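Feature annotations, courtesy of TrEMBL:
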- CYS258, CYS261, CYS278, HIS291: Zn(2+) binding site (BINDING)
- TRP268, ARG280, ALA281, GLN282, PHE283, TYR319, TYR321, ASP324: substrate binding site (BINDING)
- 234-343: domain 'UBP-type' (DOMAIN)
- 385-746: domain 'USP' (DOMAIN)
- 672-713: domain 'UBA' (DOMAIN)
- 548-570: region 'Disordered' (REGION)
Amino acid sequence: MSRPVYLIIFHSPIFAAHWAFWIPSYKNEVAGSIGKIINVQGSPSEGFVHEFERNYDLSTTSRSYSLKLLCMVGEDKVEDDSSEVYSVDCNPRDVLETVALGVEAPCASLRPFTSDDPTGLDVCLYCFNGGCTGDRQHAALHYATRNHPLVLNIRRTRKVIVRDEPPQKISKLAIVAETEADRYDYETTVQCYECNIDNVDKSAGKLSKVVEGVMRANTFARQEEVKAWEQEYTSCEHILTLQQEAPRQIESQLLGHCSLCELQENLWLCLQCGNLGCGRAQFGGVSGHSHGLEHKNITGHAVAVKLGSITPDGTADVYCYQCDEERIDENLGLHLANWGIILAERQKTEKSLTEMQVEENLRWEFSMTDEDGQELKRLFGNGFTGLKNLGNSCYLASTIQCLFALPQFRDRYFLPNSELPNIDDPAQDLETQLRKLGDGLLSGRYSRPDPDAKPSELSNDVVYQKGLAPAMLKHLVGRGHAEFSTMRQQDAFEFLLHIFKLITRSKHNAPLRDPTQSFRFVTEQRLQCLNCKKVRYRSDEQDNISIPVPIRKLPRDSASSQDDSGGKDEYQSVTLKECLDSFTSEEHVELTCSACGSKDGFSKRSLFKTFPEVLVVNARRFVLINWVPTKVDVPVVIGDEPFLLDSYKSPGQQESEELLPDDANETALAFLANQDAVQQLEGMGFPRNRCEKALHATGNSDANAAMEWLFAHMEDPNIDEPLVIAASSTAPSGLEGDWGRHGASS
């Protein structure tokens, strides 16, 4: 029997059609809708590779297609896959596939990669949405979905800047709100998609003013950077109330090196007593042993000035160790004169802290070195794309990178062959922004050396990649939040819980699933009366655990250890297993037994009733110092070797155990909905089952969050079914080293 070979053409309203071979499978000598596709996949910038899609079901595809019979081949040339499971590979299994591999797939374009596509960026002149014009044609997609035909096409090339004049004196740490026009040469044209005109007259009507406004505007990322880095310096009470010791002349030879070591740079003069100590070591090569800080810890003298930064006009680095901030001393001249130092005779010999920070922020490339000053190895490729710091955004970058290293988030948001949601405002849509970020981090498209960057002075190797600036995602997830909407430093664990809540509220159309479900599990708390031995069980569903970290100070038995630590307390490292043992250990609580009335108390222990696929662990490394919660630097060691969690699994109620009266009928996992929120939702007309489901999914917090979830899940087939919380194990009980690291937060 001969087998037909078809040309299958997948159509698109905006993209070029995708052509492939289609060979239907035969069952009982009858061809059905299931078969094999032979094609190439990729992009002009990345190149293409052969793919064999087996057991592809045409009846389930949402893509528009047409078939054309090409030829008939012998049955011995085609082999059907017997597994009946869809799969993709590039290994030939029959003669036809071997012949297909003989036709070379298109390689990557010979056009060199640049950070900007040569075809430019199209900015919609109706809603100012930006869309690429290269391989993926998102500008054309915007026209097809929104019917906004008029766009401003912007192409840019980097200007060569020659800095032949001395920079202006720096008075504050800030990034100037410059426009992109200050750094690039631009070429702009107005185009019309509907009329297929590539060069519309920009002087016609209101076009000139609109185009001028677009070109004058700061980018979204630049607006966020300006907010991030603005930092004015002020004085403080410790400088204003500074009481100096009796005046004396400090000999010049005593100003040449630290009083506790031989370091001759990065020297800080205590303005209260005249002691000279070295500062902190600066990442990137500036030496320091923190003897200035040690002097403050011993004497309580808080205010110091960096000797090498003093200028004749009265400016210098002044630091308050008590405030742990850089400050301004309006009476610096008088304070220095107390120690025989005359401002007019001083010459600046070292960079100030402000200059070093601004210099780093304005460089094309940050110098990435390890503790020994050696250049870090540069990595490129799929999954090796960095995120730019938007200003105090390390918490966001570390959290996002960890999440997208997990298969649950990769499978949910990295969908290169699926169309984006049809949304009026993509910048305000969480699904679009997470998929955009997933594509950027995982595709490898942006993991290339930055062509605009200069090589580091420390290495002649290739430059670093440019990195992605997640400004839109940061603005979207932080909108309306008291902390994450600001540019201040935040806690990574709190941000993780916040983004979990937002993802849970959003809609996940089948077969896509909510990735946060992989983090959920059930803990079971067991209480036992110490007198009558009756027990009570309570189950709680959660998506993280906060574990106590044992605090054990290391002895400070030598002067060298004090020098190395800079006067700070050091703590013994602990293992993750120690922390889990402490978290699940039995403890005594003072309660009155409802069965026997005894006040002897109860033993309490919490164990896992089910395990998640990914366990999020928050290490509580805080101690009370003078009644103030203070974070301590305790290393938590997570080894690479797996260890079983079986000992942390709750055995549940035993046959020999008798339940306390109040709990005799409450052994099942229960969820108590926020009654105020339920009443508000029911007042809006939502059925109770829907209300409880929405509150359970959104953290049982408030009616507004639940209402948003309801509107996003109105079409769910089981929306009116009663809430059922599963109590069965959902994941194996082994904990791998990498798995633990991805879930851990500190």
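Every residue gets a Cβ built from N, Cα and C, even glycine.
What you see is a predicted model, and the numbers here were worked out from it, not measured in a lab.
DSSP labels the residues of the domain 'UBP-type' (234-343) in these numbers: 27 helix, 19 strand, 64 coil. Using the Cβ center of CYS258, CYS261, CYS278, HIS291 for Zn(2+), the list of other same-chain residues with Cβ within 8 Å runs, in sequence order, HIS257, SER259, LEU260, GLU262, LEU263, LEU267, GLY277, GLY288, HIS289, GLY292. According to DSSP, the secondary structure content of the domain 'UBA' (672-713) in residues is 29 helix, 0 strand, 13 coil. Just so you know, the Cβ of TRP268 (substrate binding site) picks up 30 other Cβ atoms within 10 Å once every protein chain is counted.
The Cβ of ALA281 (substrate binding site) has SER287, GLY288, HIS289, SER290 as same-chain neighbours under 8 Å, each 6 or more residues away in sequence. For CYS278 (Zn(2+) binding site), applying a Cβ distance below 8 Å and a minimum sequence separation of six or more within one chain yields CYS258, LEU260, CYS261, LEU263, ASN266, LEU267, TRP268, SER287, GLY288, HIS289, SER290, HIS291, GLY292. In the structure shown, the C-beta of TYR319 has more C-beta neighbours within 10 angstroms than that of any other entry among the binding-site residues TYR319, TYR321. The domain 'USP' (385-746) scores a mean pLDDT of 80 in the predicted structure.
Each of the binding-site residues ARG280, HIS291 was scored by how many other Cβ atoms lie within 10 Å of its Cβ, and the smallest score goes to ARG280. With a cut-off of 8 Å between CB atoms and residues at least 6 apart in sequence, the same chain places nothing near ASP324 (substrate binding site). In this structure, of the binding-site residues CYS258, CYS261, the smallest number of CB atoms within 10 A of the CB marks CYS261.
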